[in-house]
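Annotation source Swiss-Prot lists transmembrane segment at 35-55, 93-113, 119-139, 189-209, citing sequence analysis. Under the heading heme c binding site, Swiss-Prot lists 38. The annotation heme b 2 binding site is assigned in Swiss-Prot to 89, 190. Among the features that Swiss-Prot reports, heme b 1 binding site is placed at 103, 205.
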């Protein structure tokens, strides 16, 4: 590379970063690809916004039944731009779900789930389930009337499953009733377990797309 900087030369000598850049930049893009093939990328951008704004809110949120609502209220009224951070988090959550739905429809209608891309489809559907679960767990965190009763209803749904239903309800709630243990579990799922799960499946999803390329036209 002509007129390269010493910093570039240092990294190039050790990591051969130019080869990596050439490989990324030279990936073939089929001529049939249009704006609707960007829906998956937009979903990723929404997730990154969710991660950044969610991380910012953890500095102020208190996951206890006594202080959760007050901490959210404090974030919205007293923290500089706290209202904006939480609002962006909510808006990007809605946008992420919408883009995900449109992305799934695009892939299905263009046959992107067919052989040899079955595993790519499976990882995508798994991410869709995790994304919906994000919404369910996040909805409860303010611990207001809406959040409380939403958790009570959602966590009671598995009771209809034969044999293991009652066990699953107690596992979700952390006991026989909805309370502090429930909020702690939902907070842990929303801020730690699900982000890591989604990140792992995203990596698998992108690596398979990178390996197999974009599916052809119908």
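Placed from the backbone N, Cα and C atoms, the Cβ positions cover glycine too.
In sequence order, 120, 123, 124, 127 constitute the residues six or more apart from residue 205 (heme b 1 binding site) in its chain with CB-CB distances below 8 Å.
With all protein chains in the displayed structure included, the most crowded Cβ environment within 10 Å among the binding-site residues 89, 103 is that of 103.
Here the transmembrane segment (189-209) has Cβ contacts under 8 Å with residues 44, 47, 51, 54, 58, 117, 119-120, 123-124, 126-127, 130-131, 133-134, 137-138, 141 of the same chain, all six or more residues outside its ends.
Mapped onto three states, the DSSP output places residue 38 (heme c binding site) in helix. Considering only the binding-site residues 38, 89, 190, residue 103 (heme b 1 binding site) has 38 as its nearest partner by CA-CA distance.
Here the Cα atom of residue 38 (heme c binding site) is found 21 Å from that of residue 89 (heme b 2 binding site). The most densely surrounded of the binding-site residues 38, 190 is 190 (count of other Cβ atoms within 10 A of its Cβ).
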